[in-house]
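S.K.: TrEMBL lists 1-153 with the feature domain 'Nodulin-like'. Per TrEMBL, transmembrane segment is recorded for 38-58, 64-83, 104-124, 136-157, 222-240, 246-268, 289-309, 315-335, 347-372, 392-413. The domain 'NFD4 C-terminal' annotation in TrEMBL covers 216-421.
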Amino acid sequence: MCVVLCMGGNSTTWMNTAVLVTCMRNFRRNRGPVSGILKGYVGLSTAIFTDICSALFADDPASFLLMLSIVPAVVCGFAMLFLRESPKSGEVQDEESDRIDGRCFAAINTLAVAIAVYLLGFDLTGLSSNKYVSKVFVAVLSIFLLSPASVPIYVAITGKKKKSELDVEAPLLISQDNTETAATTEAAAAVAEQAVELDKVKKRPEIGEDHTIVEAVKTTEFWVLFVSFLCGVGTGLAVMNNLGQMGVAMGYSDVSIFVSMTSIWGFFGRIGSGTISEHFIKKNGLPRPIWNAASQILMAIGYVVMALALPGSLFIGSIVVGICYGVRLAVSVPTASELFGLKYYGLIYNILILNLPLGSFLFSGLLAGLLYDSQATKTPDGGNTCVGAHCYRLVFIIMSFACLVGFGLDLLLSYRTRTLYLKIQASKRSQRPLK
């Protein structure tokens, strides 16, 4: 089992890196929406597979595991045929291209929200007990999951039509003067590029330029982002890993609804924060880390509500933690690319997400585990159990303080990167791509 879990965890990292890095490079001017969509579907997948399991495989977990081993592999094998870095990803985009990209992202976001609402309705109505309704639910869900593919298909068809029209209008002959001018321009550009490369060798890159991992870890911004990310995702994972036990301690017999709520609302946090943060960068150059700061303070409030153990507090807390955890993931991904560049982004991103296992170990394994055991009572079979609000109260209080630390660090990062985001805003307005 340990070997299988190790293989599964590593395969997820490989897929995540390949898809995320390629898409961030292909859509440099829309990094927020790209991150929101990709991370949103990752968060939504928990609710999707949980509902499919309860709808079709409630009494047959072996078949559910077989489905999990076949379907993702088939989907990845098919998708890798289309996943490649576009050769035109670094070229200047005109207003028409930006408008088309905006419409495509809006369409995919709308379809994704429809899927989330559909799953939410299925969870709240409790229709999984009826096997016929469950089969209809899975059939409709399959259609929903395939529907985003219609967007790139439409773009490909319309793109071919526009290309054919341009080919018809293009001149058959190019004058010699134009050819010489183009050659001269290319030579000058090559010389300028060499000068830029030599200049980069001589001095340390500034924030916003391409950094190697060694250069990135020498910056204050990297460690501020790293520690604030740890405070956000570490505490969020502690809740998600122990949500079942927290529900039992607070007197709930069925805790599956909390798992689904965390996943679905985490999706809304991811997909919403990616698009909203991108909008405010284009509008007034608002630093993207400010949204991380907002999520941290809201998460701290959520932990206080859960510590009070009022009626419905776990339900409210699971929603708040889901949203804020989603914001944290979706915003940190494009932030790292904007601070340290895309050339070595794959490695920098994977170093950054070391916070996921590290945060889970610190806040879930050590903090929650040790404090829960200190409050638990021994059982006749040699185990221990704890029932009551006191079981996790101290855990919630400590995690709320950790979120306040993360809040302060995110404000600091926002202050230190305010000039960079003003430059990014100017770049987006002048239709010049970031390097």
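Using the three backbone atoms N, Cα and C, a Cβ is placed for every residue, glycine included.
Just so you know, TrEMBL annotations never went through curation; they're auto-generated.
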S.K.: Any residues 6+ beyond the ends of the transmembrane segment (392-413) with a Cβ under 8 Å from its own?
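M.R.: Contacts with the transmembrane segment (392-413): 221, 224-225, 227-232, 234-235, 238-239, 242, 246, 249, 287, 289-290, 292-293, 296-297, 299-301, 303-304, 306-307, 309, 363, 367-368, 371-372.
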S.K.: Answer yes if the transmembrane segment (136-157) and the transmembrane segment (246-268) have at least three CB pairs under 8 Å among residue pairs 6 or more apart in sequence, and no otherwise.
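M.R.: Stretch pair does not touch.
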S.K.: Would you say the transmembrane segment (289-309) and the transmembrane segment (38-58) are in contact under the rule of three or more C-beta pairs closer than 8 Å, pairs 6 or more apart in sequence?
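M.R.: No, the transmembrane segment (38-58) and the transmembrane segment (289-309) are not in contact.
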S.K.: Using Cβ distances below 8 Å and needing 3 or more such pairs, separated by at least 6 in sequence, tell me whether the transmembrane segment (315-335) contacts the transmembrane segment (222-240).
M.R.: yes
S.K.: Could you check if the transmembrane segment (347-372) is in contact with the transmembrane segment (222-240), meaning 3+ Cβ pairs under 8 Å among residue pairs at least 6 apart in sequence?
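M.R.: Contact between the transmembrane segment (347-372) and the transmembrane segment (222-240): present.
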S.K.: Would the transmembrane segment (104-124) count as touching the transmembrane segment (246-268), if touching means at least three Cβ pairs under 8 Å and pairs must be 6 or more apart in sequence?
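M.R.: Since 3 or more Cβ pairs under 8 Å link them, the transmembrane segment (104-124) and the transmembrane segment (246-268) do come into contact.
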S.K.: In the same chain, which residue numbers or ranges, 6 or more beyond the ends of the transmembrane segment (222-240), come under 8 angstroms Cβ to Cβ?
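M.R.: Same-chain contacts beyond the ends: 216, 246, 259, 262, 289, 292, 295-296, 299, 303, 306, 317-318, 321, 324-325, 328-329, 332, 335-336, 339-340, 352, 355-356, 358-360, 362-364, 367-368, 395, 399, 402-403, 405-406, 409-410, 412-413, 416.
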S.K.: Could you pull out which residues elsewhere in the chain have a CB under 8 Å from any CB of the transmembrane segment (64-83), counting only those six or more residues past its ends?
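M.R.: Distal contacts: 15, 18-19, 22, 49, 52-53, 56-57.
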